[in-house]
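S.K.: Among the features that TrEMBL reports, domain 'Enolase N-terminal' is placed at 3-110. According to TrEMBL, the feature domain 'Enolase C-terminal TIM barrel' maps to 99-353. Annotation comment: TrEMBL describes 167 as active site, proton donor. According to TrEMBL, the Mg(2+) binding site annotation covers 202, 239. Positions annotated as active site, proton acceptor by TrEMBL: 266.
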């Protein structure tokens, strides 16, 4: 089935900023795919240039190729050839595994940093219902903890403190990360799930706020044993290799090459579906876990939920309340319902969903952004990964 028509229009995301929608079909690190914006103050964060490029140039060129809509790899290959000009926002909207394993959702509960207007340095404090028996139960647990957390915050700080950030996480105005962890721990206990839920943190290290030489790892080593924390993302500068190594050597003997155990997969950082699939499989073939992630300022598109076919083990797409977040979670619930008895929930095996037998949860989960830049040389395999590790920062979970 050849492509017959491509039409692109500008729509708004959950932050009220423009993005691209193709009818067929806010953190940027230094190694991510380019997001194309107009740079015109009159049109705020407009994407009209991307729309114009696709409708007038890229779309017609793609139609001339007479590619099948079912041949994702050939479509993506063509798009990648011109991706430097058009940017990820213009590419992605064009753009498996025999086993279907439902991922464990990482629900955002408390927001800070660039995602909220409070003074909390940590960007996200999340929960992972890894001991749930199936995905729908994980959703129920997440929703119940979220509502109990609202009550805990209201009782301690007042009703005004239950305002939320960009992704629906509560944003009470306090400074200490430990205070957020204490609130979340209390809510988990109040909901009755201390044995089913663990905590994840997205510290979102900001080089403009902290020094890359600051031994932040000492703070995590000191504080995290007091809470059921199993994941920490971005606690250090992404190029501060010495600090990453120091932290990892002290905490996880099992980490791959003592550097990382999980890839955080954000499709728009890679720029194509085919590359996303390739990097996911490359990570898995090297014993790395994979977590599929949304971006702040989402739409109600459900595409990342369909990455369930890659057996990624985890998905991070905000709170169990905002519609742009619930769109993905609801799609996964539909998939689980459709699978019936064949549905498998990753649960405590989220790091390696295909492993046989019961796996013990790791002490911490580490995630890597450096693999994203690896895809241009995807066929070089594990040796290339090792070389990239020596020169790039790695993200910790």
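Quick reminder: no glycine exception, Cβ is built from N, Cα and C everywhere.
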S.K.: Compute the average pLDDT of the predicted model within the domain 'Enolase N-terminal' (3-110).
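M.R.: Averaging the confidence scores along the domain 'Enolase N-terminal' (3-110) gives 62.
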S.K.: What Cα-Cα separation, expressed in whole Å, is found between residue 266 (active site, proton acceptor) and residue 167 (active site, proton donor)?
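M.R.: Distance between the two Cα atoms comes out at 16 Å.
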S.K.: Taking 10 A as the limit, how many CB atoms besides its own sit near the CB of residue 167 (active site, proton donor)?
M.R.: 27
S.K.: If you count other C-beta atoms within 10 angstroms, which of the recorded positions 202, 266 is the most crowded?
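M.R.: Of 202, 266, the one with the most crowded Cβ is 202.
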S.K.: Would you kindly give the Cα-Cα distance separating the residue listed as 'active site, proton donor' and residue 202 (Mg(2+) binding site), rounded to the nearest Å?
M.R.: 13
